[in-house]
Amino acid sequence: MRTLRFLLQKEFRQIFRDRSILPMIFLMPTIQLLILPQAADFDVRSITLAVVDQDHSTYSRQLVSKVLATGYFHLTGMETSYQAALRYVEQDRADLILQIPAGFERKLVRENAQSLFVAIDAINGSKASIGGSYLTSIIGDFNNQIRFKWTGQMPSLLDIVYSHWYNPTKNYKNYMVPGILVLLLTLVGGFLSALNIVREKEIGTIEQINVTPIRKWEFILGKLIPFWVLGLVVFTLGLTIARFVYGIIPLGSIPLLYLFAGVYLIAILGFGLLISTYSQTQLQAMFVAFFFIMIFTLMSGLFTSTDSMPFWARVLSFLTPVTHFIEVVRMIVLKGSTFAEVRNQFGYLVLFAVFLNGWAILNYRKTS
Amino acid sequence: MIRVEQLSKTYGDVRAVREVSFAVERGELFGLIGPDGAGKTSLIRILTTLLRADSGTATVGGYDVVTDYRAIRNTVGYMPGRFSLYQDLSIEENLHFFATLFGTTVRENYAVIRPIYEQIEPFKKRRAGQLSGGMKQKLALCCALVHQPTVLFLDEPTTGVDVVSRKEFWDMLGLLKSQGMTILVSTPYMDEASLCDRIALIQEGKILSVDTPAAIPGQYRGILLAVRADEIYALLKDLRALPWLKSCYAFGESIHCTVGQPADAARLREALTGHSNLEVKEIPASIEDCFIQLMNP
């Protein structure tokens, strides 16, 4: 125990002496939490629109001003021909073209029917489909208005009333911030622990340690505990930023969150340790860790919902610890879930912790 | 104290250690002398339980390097060839750290390290990374001694260290030896060989000869002549043309030649009459000469 205490003392001393690690540990969560949720926003705003109005009637002008009044669209061009409007799309100055054919008003009044043409730049698929559907619903609304004006009654429609639970304002940040918190723990736990142990190999100090009678578990615990503590510090910092910058106050129990963070950190530290046992240089460890953390992050449902992935991807996603922890953090923070509701995820995380650490310890040898 | 029998270690195609056998007695200062890549480091790593041999057995202080590795780690001191202490910890912190790993304290063993530690003590608050080469080496030696080992392994301790520090270092080894410590040291420098009690000449993983530094020149076969003239290069060319010379190589300012019998010296002088200031002298073989001969049988 005395040896372990000295190992920890030495590790902390080295961490506090390092000019890059400590600032990074505090700057990384702050900057990431301040920047990422602002940028990674899936709400589509300011769609650029080019209008081809070949009718120039009251109705056509009403339609255009109604579209622009929503605030989602930004008019970049008014043209008289479709070809001219298409130039805007080619130059990336317009995402959508709304074409109003000649005789729009006349036909609408006389024949009670008219067609409109919408062309969409579909390079950014989600922007195109969201922009298209906004436009469709505005046109549908416009349609109803005209009918109401003419017939004096609303068409009989199924009226749908939405109720947005857990995130009533549909604020995307509420969804992103807990996820980014998880990403931070993953970076601290996965990268720093792997690099730290490999550094001992690289500078040769592990040779000197290996000839001492120190036990394997003492050395490993001496490496893992400091990063476990740092991870929890980062987590606390992240929760504080979420509280004061984004006003996200966990609905569920804070101790439960920390319990999960603690177990998750053990799992991800085991992952870092595992990488370090296979790498000889920091460069190798860095690349391998980066490779896996990249996959973990993209497959974890941080940005995209795992439910819409193909089956094989869902299996892969299930097999990364990050997925489960993101799910849990979102459930506890936003839904206020209790342990009973997240006990499956708890089981998975414990399994990951045991598996990754077990493998790493088996693979860690003092003799080559 | 150290007993090595038929030890072999192969890395892929490279046979780093080939059926090596030797023994080191208690209190002996034993030198492993050989060029880079001769297998010195592999041998030391096997004896310090860091590397497992493919075949053969070895014991250190009576403990087997494979089965009793834990006991060995408690009783040996090891100073790797590359400086491998924490550069971001101070002299004091490094020393305390390694003392703790061995379950002891600096104070308990201060007597052992005192002669060496006193030289670096004024800088004890300085980080190891900011020390000079000679001081780093003294610190590394302190760290290897801090648990009072019975056997000390030093892997090329003087490589890359200036002449003064090298001499000081060997003085320290002499001091430790006088305290009864068994020391196994490897070095590529032949001039350090004479400072050991016994040496093993090692080349390509094989031990060529084990003896005292004084006895090794006695094993030299033939008569060694040192030849000098004004035009060394022309001299070397002419010498190489003589088929009856057993060997011929540049050695410092002169050329060393080996011949079979004393009369050959006169024969050599005759063959080289064209050279100005010609000097042919019979000299005793040095360890380096023996090594060169053993390398090219």
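Including glycine, each Cβ sits where the backbone N, Cα and C put it.
Because TrEMBL annotations are produced automatically, they should be read as predictions rather than curated entries.
The transmembrane segment annotation in TrEMBL covers A:21-40 (among others).
The domain 'ABC transmembrane type-2' annotation in TrEMBL covers A:132-367.
Per TrEMBL, the feature transmembrane segment maps to A:175-198 (among others).
Annotation comment: TrEMBL describes A:225-249 (among others) as transmembrane segment.
Counting only same-chain residues 6+ beyond the ends of the transmembrane segment (A:255-275), those with a CB under 8 A from a CB of the stretch are 182, 185-186, 189-194, 197, 220, 223-224, 227-228, 231-232, 235, 239, 285, 288-289, 292, 321, 325, 328-329, 332-333, 338-339, 342, 345-346, 349-350, 352-353, 355-361, 363-364. Per TrEMBL, the feature transmembrane segment maps to A:255-275 (among others).
Here TrEMBL flags A:287-305 (among others) as transmembrane segment.
Taken from TrEMBL, the feature transmembrane segment applies to A:311-333 (among others). Beyond its flanks by at least six residues, the transmembrane segment (A:311-333) meets 175, 178-179, 181-183, 185-186, 242, 248, 250-253, 256-257, 260, 264, 267-268, 271, 295-297, 299-302, 341-342, 345-346, 348-349, 352, 356 of its own chain at Cβ-Cβ distances under 8 Å.
As annotated by TrEMBL, transmembrane segment applies to A:345-362 (among others).
Below 8 angstroms of C-beta separation, residues 216-217, 220, 259-260, 263-264, 266-271, 273-274, 276-277, 321, 324-325, 327-328, 339 of the same chain, each at least six residues beyond the ends of the transmembrane segment (A:345-362), sit close to that stretch.
Residues 40, 176, 179-180, 182-183, 186-187, 190-191, 194-195, 271-272, 275, 278-279, 313, 316-317, 320-323, 326-327 of the same chain sit 6 or more residues outside the transmembrane segment (A:287-305) yet have a Cβ under 8 Å from a Cβ within it.
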